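As given in Swiss-Prot:
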type     : residues  : note
DOMAIN   : 6-187     : domain 'UmuC'
BINDING  : D10, D105 : Mg(2+) binding site
SITE     : Y15       : site 'Substrate discrimination'
ACT_SITE : E106      : active site
Amino acid sequence: MVGRKIIHVDMDAFYASVEQRDRPHLKGVPVIVGGPPHARGVVATCSYEARKYGIHSAMPSRRAFQLCPRAVFVRPRFEVYRAVSAQIMELFLEVTPLVEPLSLDEAYLDVTENNLQMTSATHIAQYILAEIKRRTGLTASAGVSNSKLVAKIASGHQKPNGLTVLPPDAVLPFLSGLKIGDLHGVGKVTEQTLQKHGFNTVADIQQSPIAELRGLLGRDRGTELYTMAHGEDERMVRPHRERKSIGSESTFEEDTEDIDTIFETLKREALSVVKTLNQKELVCRTVTIKWKTEDFQSRSKRYTFLEETADEDTLLRVTTKLFNEIEFSGPIRLIGMSVSHLEAPPLSKQLTWQDIDSYL
């Protein structure tokens, strides 16, 4: 692990920055990308100008408007964001084949060996940030270290347009100054549990015996937190081909008009899809239900989230919502559900049903 050179690159307020780039009059203005406040929408992301007001992703748009009435709300243009993301990923692959995208706007790169024939990961990161700016007009931040865990934490340390480099001997001192909640994957419940027992910083964890953490959090979670606090992360950068969709469908033995039978079949197929989605460690952004009529005509309905999710309750409730909107005009011979726009999950919060009440 010591000899590895890992870079984590994270675009700065990606969606909002694209909108400010394409609409110069929005530069310097609080920009919120997401649903409008009057329609019970949700904030997908926002510019740094808006973040100064306490606005953040997954916040109800109505609340964001209350915090900053002069903010400009912009509908997401995912086709544009995907095109810009493709430019950025192309750059990464010019540097190294070992690229692991986490979402449209961030990725890990293993540059231990690289196409630039450069030995300094710092210089490679500087090159990448400069090229992103030149090719897209956008800024990004990067973290450089010997593990994915530390590189990702480092990339957020000096945002926006920042670069933080943590060689092996700097990892423990850097981590020791962080709050426990700064460790990725540590939620409020875990943080509060530890705080009740006198753990407030990563340094507190570093100085405690692993047995104490296991006693508080359980063997697996306690061990995980202990290793994270010491910057230990053996995970490899895993390039993957994007799978376009995951689906499951069922053909009835006889065409049916029984709504309960059709729905229970759809629910079973949906559960199968969600199980596969989680087994593959992916998140999705679009849910589609498909049905086929007795005359073999295919029909479909779909819903696209503002952000990716793999939350079972969210996906099942959207599937149910779509099903309830269908007006069947005759017997059905096939029903199925699929998810698409698949990506590796970001470590940030996934949307849940409460976040997408704009669809109710």
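Backbone N, Cα and C atoms are what each Cβ position is placed from, and that goes for glycine too.
With a 10 A radius on its CB, D105 (Mg(2+) binding site) counts 23 other CB atoms from all the protein chains. For the domain 'UmuC' (6-187), the model's average pLDDT works out to 94. Taking the recorded positions D10, Y15, E106 in turn and counting surrounding C-beta atoms within 10 angstroms, the largest count is reached at Y15. E106 (active site) sits 4 Å from D10 (Mg(2+) binding site), taking the CA atoms of both as reference points. In the three-state DSSP scheme, the residue listed as 'active site' falls into the strand class. Note: the CA-CA distance between D105 (Mg(2+) binding site) and Y15 (site 'Substrate discrimination') rounds to 9 Å. Annotation note: D10 (Mg(2+) binding site) sits in a strand segment as assigned by DSSP.
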